[in-house]
Amino acid sequence: MKFKQDFFTQLPEFYSQVYPQGITKPEWLAWSDDAAQLIGLSQPTDELLLGLSGNAAVDGATYYAQVYSGHQFGGYTPRLGDGRSIILGEAIGPNGAWDVALKGGGPTPYSRRGDGRAVMRSAVREFLVSEALHHLHVPTTRALAVIGSDLPVWRESQETAAITVRLARSHIRFGHFEFFCHSERGRADKLIQLLNFTITQHYPHLSCDAAGYKAWFLQVVQDTAKMIAHWQAVGFAHGVMNTDNMSILGDSFDFGPFAFLDTFQEDFICNHSDPEGRYAFGQQPGVGLWNLQRLAQALTPVIPSDDLIAILNQYQEALVQTYLRLMRAKLGLSAVDVPSVEQDKQDLDLIGRFTVLMEKNQLDYTQTWRQLGKLDPTSKHSALRDDFIDVSQFDAWYQSYQQRLGAVADIPTWQTERNSVNPKYILRNYLAQEAIIAVEEGNLAPLHLLQKILTQPFAEHAEHEDLAKRPPDWGQGLIMSCSS
């Protein structure tokens, strides 16, 4: 890997230099060829294993942990920072630079009495979801590899340590800006320094002046809205949408007790530390705006409040238009009619009625959408009908759907198009758990198979139909913890 060190050299007050503590008996548990290409790597090597496990220096790496703050479950925590993630620098790839971070690399000045380690189960889950979201076309950070070890660590019980090698276009979070506004009061110079760095690195078409700052914040608002619209479309619940887990670039970031929906449930909670459902699936769009409002508060020394409010008011439109584009494609409505305010309203109603029917009939979200690929949209009798208990309500919806859809000249092509946007395979929690159990038993094959399938989620994979099934009784509604 070839590194540049722009963050390290230009923002010395934004991090602490710290070196990883190596894990014992490191081994490759998983590797992403796709992610490796981003930073010019090909195959995993023994030399790379030593470096990324913290047991040898990586040429050109500087090693540091960033400082930031954030709102966690609605309350402000003035000092957080990378408690178990150590960044090596920005690796230069064929199409840009990517931060390389060792998540689970050992304690840092921000570990807050923690051991700085990640356990194998959380490392595997983060690896799988990073790559799964990418191949579902959801903006996300990436995962290069998972490195296992025999190092014992204690959570609720004894587990083994592991490292996820994360790749990110940037690790700058909403919480970075909050830290230098609230926790370091009077440091508007540092806030401006961070803002100028972010624009120069990631928005080079913008200027570092008043007009550029407003244009940048609008881009952040729109990118955040688009990311969350993608989550809602694929049925993804993040679980811990604290502001310190929000990427300034609108990439899905910092995965813990996440889940994809099995049975559709608007108020689905995937995090057992969130009993009131602050971060429930259906709350995510509202939380996204709330988090942007907290970012806006941090930017008041730089951008006038009236301008910030005006820009925040554009969030809903960006969210709705992205969501409509994605959902119209899922339903096959993309090329039908010229969008208008009234058409948007009608389409949102059509989509909402369909998801309400899914919830009332306890249908699997992913499977129900996938069934559209078998549908003859010109037939009066839908193949979906048998899945619904309340057939009269379905019939009413289906009639509205056919009216909106209009004529379909080439049914096989229409069906193929539906299968190209409605995945057959998602990372169901029970599948991740089965892969983790197999790794604990020394069997990596289920993990590697699951990774392979998730990189082609729209393909049929007829020989692996079992990975598309609804969860068994023990795997339904699994709620994960933040323990990692």
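We count from 1, first residue shown onward.
Backbone N, Cα and C define each Cβ position, glycine as well.
Remember, predicted model here, so these are calculated numbers, not experimental data.
Per Swiss-Prot, these features apply:
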BINDING   Gly81, Gly83, Arg84, Lys103, Asp115, Gly116, Arg166, Arg173, Asp254  ATP binding site
ACT_SITE  Asp244  active site, proton acceptor
BINDING   Asn245, Asp254  Mg(2+) binding site
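Among the binding-site residues Asp115, Arg166, Asp254, the ones whose Cα sits within 10 Å of the Cα of Asn245 (Mg(2+) binding site) are Asp254. Residue annotation for ATP gives Gly81, Gly83, Arg84, Lys103, Asp115, Gly116, Arg166, Arg173, Asp254. The furthest Cα pair among them is separated by 23 Å. On the backbone, the CA of Asp244 (active site, proton acceptor) and the CA of Gly81 (ATP binding site) stand 9 Å apart. For the binding-site residues given as Arg84, Arg166, the lowest number of other CB atoms within 10 Å of the residue's CB is seen at Arg84. Packing around Asp115 (ATP binding site) is summarised by its Cβ count: 16 other Cβ atoms lie within 10 angstroms of its Cβ, all protein chains included. In sequence order, Val240, Asp244, Asn245 make up the list of same-chain residues 6 or more apart from Asp254 (ATP binding site) whose Cβ falls under 8 Å from its Cβ.
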